[in-house]
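A.B. asks: Let me give you the structure first, and then I'll get to my questions.
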Amino acid sequence: MASNKILCLSLLLAAAAATLAAATGGKLSPAYYSTTCPKALAIVQAGVVAAIQKETRIGASLLRLHFHDCFVNGCEASILLDETASIATEKTAVPNQSVRGYDVIDDIKAELEEACPGVVSCADILTLAARDSVVYLGGPSWEVDLGRKDSLTLTALAASFSSQGLSFRDLISLSGGHTIGVARCVSFRGHIYNDSDIDPSFAESLQQICPRSGSDGVLAPLDLKTPTHFDNCYYRNLLRKQGLLHSDQELFSGNSEANSIVRTYVNQPSVFFKDFVQGMIKMGNIKLLTGSQGEVRTDCRKVN
C-alpha cells in the first residue's frame, strides 16, 4: 500500500495539474511588487538567510511549510492562521503538527509591513521563502510568479483532486526535498526495525539512537551524507538502501519507472534540479487566490 507521503504528494501534484491553467490566468508576475514594494524579494531573502544562519534546519522547515500550505486548500497561506473560537485551523491537523517556521514568516512579514504596509501577501512570502531556502542550501533557483492573495477563512480540511496529467516524475523529483532536513524517531522507527529493504548497518546505527520504544522526538537527518546541502545525495542514499523513511526507500524498490528516474537523478544532478524546479512551480500554482479574491493580511496569523 502506498505510504502517506507518496499519497500526499500524489494528491498535491494532481491538484496542481488540475488547476494550473486557471492559476496562470490570474495575472501573476515575477515583477508584481516592482513598483508597490520594490524591496520585497530582498527582504524575504534576507529574512530566510538570517534564519538559516541561526539554525540550518529551518531551511528545510520553510520548504516543508510551503508544501503543507499548498496541499490542503491551495497556496493561500491558510496554514499560518491561528485557531479561533469560530474556525478550526490547519495547524492542528495531524500532518501539520510537526510543521515549523511560523516565527520566521512572522518576522519577515513584520519587515515587509514596515517597508510597504498591506502590500505583500503571506502566500507569496511562503513561496519565496521556500525558493530562497533551497537556493541558500545549494539547490537550484527559479523565477517565482507573484500576486497571490491570502485566504479570508478556513475551509474543511478536504479537497477534491483530479489525477489527469499527473507526472510520476514530478512525484519523484519533489520527494528530493528530503535532501535537507530531519525526521523524528517515531517516523522512521518502523522502517529501521521492520523493513527488509534497508542496509543492515544503516539500520543498526539508527537503532542506537531510536529504540523500539521511547525517544520519539530524537532527530536523524533525512540525508545522512549532506543534511544541510541541497543536492542529489538523497537519491544516492536510496541506491544504497539508506533512505531514512519507509516512504523514501519505497521510491527505489519494486517500481521500474521510479528506479529509472532515481538512477537518472543520481547520474545527472542537473536533471533533478530541473525537474524539482518544475514541480515546485506547479505546486506554487495550486488553487490560487488572485485579484479581488482573498486579501493581503497584515498579520499572517489572522484575517484582517
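Cβ atoms are placed via backbone N, Cα and C, with glycine included.
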A.B. asks: Cys37 forms a disulfide with which residue in TrEMBL, given the options Cys75, Cys116, Cys122?
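C.D. replies: If we follow TrEMBL, the cysteine bonded to Cys37 turns out to be Cys116.
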A.B. asks: Tell me which of Cys8, Cys70, Cys75, Cys122 TrEMBL records as disulfide-bonded to Cys300.
C.D. replies: Cys122
A.B. asks: Once the chains shown are all counted, how many other Cβ atoms turn up within 10 Å of the Cβ of Cys185 (disulfide bond)?
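C.D. replies: Counting Cβ neighbours of Cys185 (disulfide bond) within 10 Å gives 18.
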A.B. asks: Are there any residues in the same chain, six or more apart in sequence, whose C-beta is under 8 angstroms from the C-beta of Asp231 (Ca(2+) 2 binding site), and if so which?
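C.D. replies: For Asp231 (Ca(2+) 2 binding site), the qualifying residues are Gly138, Gly139, Thr179, Pro269.
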A.B. asks: Using the Cβ center of Thr179, Asp223, Thr226, Asp231 as the Ca(2+) 2 site position, which other residues in that chain lie within 8 Å, going by their Cβ?
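C.D. replies: Everything else in range on the chain: Ile180, Lys225, Pro227, His229, Phe230, Asn232, Cys233, Tyr234.
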